[in-house]
Amino acid sequence: MSSHSPSCPFCNIAASYPPLPPTTSSPQNEPGQTADEPPQTQAFLILSTKYVLAFLDIMPLTRGHVLVVTRDHYEKLGDMDVRASREIGQWLPIMSRVVMRTLYGDDMDSDWHWNVVQNNGIRAAQQVPHVHFHIIPRPPLDAAPSKGKSSWVMFGRGQRDDLDEDEAEDLAQQLRAELGRESASATDETDLRR
C-alpha cells in the first residue's frame, strides 16, 4: 500500500514537511510555514525529499539515532515499489556518513561503528507499520561488555530514553549542516535534490 495513512505518525511527519533541497539549513522556516506556524507534527528533521525523509528518533538507543523513512506509506519492505526502494537505497549510505561524521568527525572513519536496522511486522519488532530504517551509532565501549550489556550491544533492549528537545534541535542542525556539505561535494548533485 502506498500514499498517506492518517493514523500513521510517519505519514503525518511527511505531510508536515514538504520536500526541500538537502542543503536547506532550517526546514521549519521554509515557504509555506512561518516561524509562528509550526508543522502539524513536530520532528527533528534532517532530510525531506520527494520520496525520503530522515529525522531523529524520539526514543533513541544512542545519541544520533536517526530514522530514514519513505514519504509514501508502505507497511513492509516487500510492499515498496522500485522508485521508493532506489531512493531509500541512495540515501542510507549518505545519511550513515552524515550521522557518523557529525558525531565522530572525519578522522575516525576507520573506527566508525553503527547499525542500520529495518524490521518487518510485529513479530520482527516493527513498532510503526511504515517502512523505516534505523541508523544507530555505536560509541566505543569503555570495557568488554558484561553479560547484561551484550543485549544493548546487539539489540539495544532496555536502553531507550526520551529525546531531549534542546539537544535534539542542536544535533539536527549539525546533521543538516553536514548533509549540506555532503550534498555539495557529491559528484552528481542533481540526483540528491529529489
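Note: Cβ is positioned from N, Cα and C throughout, glycine not excepted.
Heads up, TrEMBL stuff is auto-annotated, nobody curated it.
Feature annotation from TrEMBL assigns region 'Disordered' to 19-38 (among others).
Across the domain 'HIT' (32-145), DSSP assigns 35 helix, 24 strand, 55 coil. Annotation source TrEMBL lists domain 'HIT' at 32-145.
If you look up TrEMBL, you'll see 130-134 marked as motif 'Histidine triad motif'. Same-chain residues lying 6+ beyond the ends of the motif 'Histidine triad motif' (130-134) with a Cβ under 8 Å from its Cβ atoms: 5, 8-11, 57, 61, 65-70, 73-77, 79-80, 84, 88, 92, 115-118.
The Cβ of H132 (active site, tele-AMP-histidine intermediate) has 23 neighbouring Cβ atoms from other residues within 10 Å, across all protein chains displayed. Annotation source TrEMBL lists active site, tele-AMP-histidine intermediate at H132.
Under the heading region 'Disordered', TrEMBL lists 175-194 (among others).
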Along the domain 'HIT' (32-145), what average pLDDT does this model show? 89
